[in-house]
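K.L.:
To start, I am sharing the structure in question, which I have written as structure tokens.
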């Protein structure tokens, strides 16, 4: 427990500081006045809406990004009720029951559910606008971080992160850097529920929580110097990732492949190389040597290690993607980080028969041969091959 809590208080326009200690370990606790982080986060939502409408969308249309969304399913009250109230992925037994009820063949019902699921997914235009907004932010904040850090002594000597701790002043540039980064990640955490839905929603949500907790904790305990290094290091790879996505949405496949491979190199080098050897080394060893043991040290390092576990997981996916791409002779052929096909939100695969109206069972049982339609010269229903859905 705290033996003594407040021994010094300093107020300014941005924050209130408390200097306190637990036993022999001192901490500088900083509380932001007027909930600045929460106040600025909505600004990012507003800025995204404005940039989406007046900047990103015109750019996307100028680059001929596809504006139309997936094909809409034919209106059907019975299937719509099943889709909204029961299941979006009916099993074989339910499909057979619906087939008898509607007098449709099973393949037509499967196609209807696939189109209906795709109908809820965003268009390529919207995904391009989202990526362009994030690319713009990451590029700006990374440039700002580099310009700020190159003037600081702790960029070149990480032991300077702990020099004079906890009596390190909060410089206006550093305060601005933290305010903008934390507000952005707060906005990401909430906008994740309304933005393009991703298959790795849980992992990304965990990442955002850890990131917000880390930034907040380092700000409160005045571990901001090493915090700026962590922020700048992580922004580098995100710039290339969003650029690769935009190139893919513009159907510039070669550029997208090149950017993806660049992203893979930058990500692995920065997250599996520089991060543990530079960041974790100073927080685990140099910090302990300079200041000894205190509770904030362990909490901070546990959060950093959780972040490193996520780095290892994503690096595994990147390496797996790169291996499959190279083995097949096409970079981005299979890409779990969603550059080439953006698998988190991509439209489910469908065959050319999606354009056809639903067929009754009687029509479905009739085999016709047409030499001009389909690769096998059949009507597409009895070719022996089934269309698979992407998950």
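Note that Cβ sites are derived from N, Cα and C of the backbone, with glycine treated the same way.
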K.L.:
Looking at 232-253, 298-319, 320-341, which stretch does TrEMBL describe as transmembrane segment?
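P.N.:
The range carrying the transmembrane segment annotation in TrEMBL is 298-319.
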K.L.:
Give the range, chosen from 131-149, 150-168, 359-377, that TrEMBL lists as transmembrane segment.
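P.N.:
Range annotated as transmembrane segment by TrEMBL: 131-149.
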K.L.:
Count, for each of 131-149, 175-194, 201-220, 298-319, the Cβ pairs lying under 8 Å from the transmembrane segment (258-278), and report the range with the highest count.
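P.N.:
It is 298-319, which has the most Cβ pairs under 8 Å.
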